[in-house]
């Protein structure tokens, strides 16, 4: 039965290891998914292929893509723009293929607005998960350090609450196992399969 | 961090193989969970231990349990009553233990009313999943047989829509794998872990 693919959005705080986890999923072929090729205004580096590594475009073309709603999300790093074209993502999902996006939390928020059916996975810093131990053992660390971490933790938890899953990146292997389970479980969730069953019994 | 356990409700149409799937989960120690010991009015069979196999009670005691809201769900088979005591289930969940209930669809509906936070897994007959193939290949089967299956399928889909997950029981191994993934994914779902994180950063 032809179900739509899953839009998997892997995000989390800066430095949490999103790229490493994504690479592990790719290298170990944990589950099949399609890449979304980003659009960027930065110049190609030697060996980079247009349409494979990125869609390399001019600033004008990028602004046009923004204005015409062609991008699922976009962001600026240094002086360059990076964005996710919407049309190929929708096409792959309609063909029943899962699509994995590894993006920062601002990008993930924009994707959520446009595609609320996506599966939003928040990669959680391991020290957020173990913060309670540090709180219980005050005295072994300076109060300033702990208070700083609590403040940051509050912000991370505020961001996390808009996600579907919170996966602790204690080890890459553990994080990958959890993400594999999430993908498997989402594929058998009633909200995703019920329409296919309903269509089936309507055709008589 | 102490999170509440998951209430896993495994159900599905009569004859779909709920008991076999549950036994496979138990025998292969797929994931740890607690048993809920049922209350019954039927007489103990040789070797059955009160409080382990069942809580064996009188008809009067069972009716009292119903009237005092002590049961999560109950049902009558032949002349005997069977029910799931609520208090031990709540205790185990509060201790962070997962509880697995394997019950019929009527029982599952009652559990959903009382404990909507449960994880409701509908075990799907494999021929519901492959019904579209039979519909595409009409002529190889009598129209009566197909129409009968479609009618039954409509009912199964109506029941399924109130569940969280639909797992096809094509092979026991596949069904068990999916259930394992569901348990793993639910344990990292934001709705289940966010309160623990929130509590953590409130204590300063």
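Keep in mind that glycine also has a Cβ here, set from the backbone N, Cα and C atoms.
Counting Cβ atoms from all protein chains shown, residue B:13 (ATP binding site) has 19 others lying within 10 Å of its own Cβ. For B:12, B:13, B:14, B:15, B:16, B:17, B:18, B:19, the entry in TrEMBL reads ATP binding site.
Under the three-state DSSP scheme, residue B:16 (ATP binding site) falls in the coil class.
Counting other Cβ atoms within 10 Å of each Cβ, the lowest count among the binding-site residues B:12, B:15, B:16, B:18, B:19 belongs to B:15.
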